Amino acid sequence: ISPCYVAVFSPFIVSSFAGCTQAVTLEVKEGNSTCIKAELSALLFITYTTFNSTSNVSTSLPDSTSVDAASSSCGAAGRPPWLVAVFGSGHALGLSFAKNGSFYSVTNLTLQYNLSDTLLFPQSNGSGVVTVVSSSVGIWAPINTTYRCASPTTIRAGGAAVTFSAMRLEAYMPGNDLSPAESVCAADQTTTTAPPTPTTTVAPAPTPPGTPATGVFSVTNSSGTVCLLAKMGLQLNVSYVSQAQNKTVQELVNVNPNLTVTSGSCGSTTASLVLTQQTTTLNFTFSMNSITSQYHLSGINLLANWSDMTAPFSASNTSLDYLRSTLGRSYMCNTEQTLLVVPAFSLNTFRLQVQPFGVTASQFAAAEECQLDQDQMLIPIIVGAALAGLVLIILVAYLIGRKRSHAGYQTI
């Protein structure tokens, strides 16, 4: 790897390293069939500690990057589809996928870097492999379409960040090549107009809102008894046409529980939770299957009329299948997760626990934990084991080569 060192760590500084990035093509196969394919450039930013202070490094995926067949998967045997790329001296970048209804998405990004690589991490006071995970990726597309995003997209994970560019990606592929139908990311869906004067004013990039506060929301029935409970932090991810910029922008807005009015209704097979905050209304619909005694989040509706919008924004999907659990139990997911609603709107949830049916004594019942929380423990073990095997192979090859280099010499 030829690292591109930076003096100041910033995931937003992308153009300065354009010369460092190069495109790689990665494929996950099952037999002769391809299930995941990615064409992309990726720039990695990592902060690490040295003997005296901290240092920052950036490096791109080299053209020698390859798919780790042992860790990658098309999703058989209950495992999620996984693309794991290995490169350099024990480094790996992984993407896990899931599908919901007519969409597929990247649910987790995992980066593993080996601090023992002195070329990439000079004077590091640590050693061994470090694993960081992000569950807020924001990459999704309809099934049987290729996700395309030429614009730089930065995903943060721990003390690192990965910036993708020139990306074409598809999972759950119907054939062996990327689908001709494409789903273009919001950053590429911009319209440009000629400036009225030669003078151009560049607005500063908006500051991300950070992690939203956790709120506790409840709905009561006609007798005043709590029939629905929810505890969660919520973040709206909305793409809309901005009046000020005259183009499509992507806005992250945190829901403030202290400014939110809660309402809703409860029934035997349907329940709703409505959160209203000034000019924004967010509506959750939960459905119960009376035969299986299973419930799930079946619908999300958003109405927003923000000051910068050219027109009120409305998004709705009533065929969702999220937050599935069993009657008499609550659903819990502490990991940040992204609920895809429509291409222009997704909802990020944090530290979530919800029970829309069977609430007793105004308390949550025992929780069923989400798959993402379980994967947070399982993923590093799987990828770490694969990397340990890779490092062992490199070590054995080195020892064999060193032994052969001494052949033919005798002690005098």
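Note that Cβ sites are derived from N, Cα and C of the backbone, with glycine treated the same way.
As annotated by TrEMBL, signal peptide applies to 1-23. Look at TrEMBL and you will find Cys35-Cys74, Cys149-Cys185, Cys333-Cys370 tagged as disulfide bond. Under the heading region 'Disordered', TrEMBL lists 189-209. Look at TrEMBL and you will find 379-410 tagged as domain 'Lysosome-associated membrane glycoprotein 2-like transmembrane'.
Mapped onto this structure are the features recorded in TrEMBL.
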residue: Cys35; record: disulfide bond; Cβ within 10 Å: 23
residue: Cys74; record: disulfide bond; Cβ within 10 Å: 21
residue: Cys149; record: disulfide bond; Cβ within 10 Å: 23
residue: Cys185; record: disulfide bond; Cβ within 10 Å: 22
residue: Cys333; record: disulfide bond; Cβ within 10 Å: 23
residue: Cys370; record: disulfide bond; Cβ within 10 Å: 21
Cα proximity to Cys74 (disulfide bond), best match among disulfide-bonded residues Cys149, Cys185, Cys333, Cys370:
Cys370
Integer Cα-Cα distance in angstrom, Cys185 (disulfide bond) to Cys333 (disulfide bond):
27
Tell me which of the disulfide-bonded residues Cys149, Cys333, Cys370 ends up closest to Cys35 (disulfide bond) in space, Cα to Cα.
Cys149
